[in-house]
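Here is what TrEMBL records for this protein:
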type	residues	note
TRANSMEM	23-45	transmembrane segment
DOMAIN	39-285	domain 'G-protein coupled receptors family 1 profile'
TRANSMEM	57-80	transmembrane segment
TRANSMEM	100-118	transmembrane segment
TRANSMEM	139-162	transmembrane segment
TRANSMEM	190-223	transmembrane segment
TRANSMEM	235-257	transmembrane segment
TRANSMEM	269-287	transmembrane segment
Amino acid sequence: MENQNNVTEFVFMGLWGNKKIELLFFFLFLLCYLAVLMGNIIILLTITCSHLIQQPMYYFLCHLSLMDLCYTSTVVPRLVRDLAAARKNISYNNCMTQLFTAHLLAGVEIFILVSMAFDRYVAIVKPLHYMVIMNRQRCNMLIIMAWVVGFWHSIALLLMVLNLPFCGPNKLDHYICDVKPLLKLVCKDIHVVSILVIANSGMVVLAIFLALVASYIVILYNLRVRSSIGRQKALSTCSSHIMVVVLFFVPCIYTYALPAGTENKDKEISLFYTVIAPMLNPLIYTLRNMEMKIAMRKVWSKAVHSDLK
């Protein structure tokens, strides 16, 4: 069959069909987006304007906040606009751009979370070699690797979708351009492509999640020999990481590890990693972290004093 594409735009079916509910969620998601912006900008400014930027853990946290800002900004503004719009349409080219950008930024975020787990592993399991292993050069290398891996993941997915024929219906049962709802509109057998998508996204995310769980089990096992104060501090940091990892990875596994043809709650579950996790991350990392609280007070008191002069 010759590869053809008669579709020039897609129409989002959105989250709910009820207009009153959509207007209510318009204000809710708008507030969520403002909370994401405010929370992550505060973390970025606190870390970059204080001594914390010299520490690997906060260096990675800074990059994580930047990814949360960028990733949410590729999804939520359009979602908010569409909730108030009569027609939720997106051009084919813009749809492909959103697909590539969202998967690129999500891929980078996943490998930043891996880098943060590696940092905690070295800090607790090999504390005497920590500064040698986690030097700034290696931290920069891990960030570069995150971008490279994220790029190859998203470009592979994009090229796969660009080669698929869309010749019939254009109603996308989602609020963003994502690979699984797009596969439902393809006018050819998607069995092989669906397996490739699961391998590219679902299985990779599942494997990384299991590796992270294993690393945290080793970390918790090694905490037995620490003093009660050291153990408490390490547990506080690790529990924050674990919460963020679970919030992001579990919904991703649910969304991408199942075949495209199955009927599930993909679009509702995806709200966890597109809106809820980026909104809660700043709270998780600040409320449970004394260093961040102290640095925040110093940075903002310095800013207030400089304004008063």
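Cβ from N, Cα, C; glycine included.
Listed stretches 23-45, 139-162, 190-223, 235-257, 269-287 were compared with the transmembrane segment (100-118); the greatest number of C-beta pairs under 8 angstroms is found for 139-162.
Cβ atoms under 8 Å from those of the transmembrane segment (23-45) belong to residues 15-16, 61-62, 65-66, 68-69, 72, 76-77, 79-80, 83-84, 275-276, 278-279, 281-283, 285-286, 292, 296, 299 of the same chain, restricted to positions at least 6 beyond its ends. Confidence in the domain 'G-protein coupled receptors family 1 profile' (39-285), given as mean pLDDT, stands at 87. Across 139-162, 235-257, 269-287, the stretch most heavily in contact with the transmembrane segment (57-80), judged by Cβ pairs under 8 Å, is 269-287.
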